[in-house]
């Protein structure tokens, strides 16, 4: 039986620009917002859009990501007719190898895709923060009788040269694609979200492999090839909040934007929840000496210091006299007595010693996973 649409999440990115935060885990597994990991947003969008089968394509440091996703039950993807499948590079008789690009990762998993037998494939990135109804995008794809639909978002003209830009006619049909143009003709930036008719994409990828044609990347190869061959390629115009958190600055900004009673992501909208793996932790304890203002404090935290406009993830400890401002503290971190942290990201399990000062006023500071700063050796 043919399934309508299969989602494939590209989650193998190393995320080198995130430095210490991705030395031991893939970028989509990085924590966000106190109780989530970045990939939770793509997975939750799939669940909320009614997509039953999701393939997660991993490569770099997949252990934390695999453990987090498990069997997909946190997103309702563990039913009889649904599933979350981790797809990793493997060796085969015809020379499967490490993924050479985004579309090459799809080609290497043709057998899995064929086993689902979808009419459409939805290609997603696992490292963006946003909420989107993929079913609405699919309807646009059908209405346009498209072979490929690319989700786009309007960006300021001065930033357009950082993106792949789609130039369209009055009906949103793409007539030209420019990869990071110096002088952009439009502000419609690709979000790295695509819907393809699977039969057509499959044929193109297989033929390219047989004929030794480079078709390894959607932006560099596949989209230009579709346009050159006259395929019906359209945009889906997205107007909501979307953030590429591929740099330290953008990850910090997205977390700071997430704080607040009514943020642009509408995080408290119960009609479109963001799901994640449930971690059991005791209730928070806020001491008499503590002062917490305009902050998100997740389960299991012990706070005896001052916290302002910050996020404390699960099981964070803030000792007496410590001061945290405009910072994102990941789970299990310990902030020592009298420490002062400003505009920083503190990694999971990090320990900050007494009276240590971390000042990110000029540039956001990062403390890595399990990193110890200013704590004497116990030996």
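Glycine is treated like the rest: Cβ placed from N, Cα and C.
Residues or ranges marked as alpha-D-glucose 1-phosphate binding site in Swiss-Prot: 164, 179, 180, 190. Secondary structure from DSSP puts residue 180 (alpha-D-glucose 1-phosphate binding site) in coil. Counting Cβ atoms from all protein chains shown, residue 180 (alpha-D-glucose 1-phosphate binding site) has 12 others lying within 10 Å of its own Cβ.
Surrounding the centroid of the Cβ atoms of 164, 179, 180, 190, where the record places alpha-D-glucose 1-phosphate, the chain contributes additional residues within 8 Å, namely 163, 165, 177, 178, 181, 189, 219. Here the binding-site residues are 164, 179, 190, and the one whose Cβ sees the fewest other Cβ atoms within 10 Å is 179.
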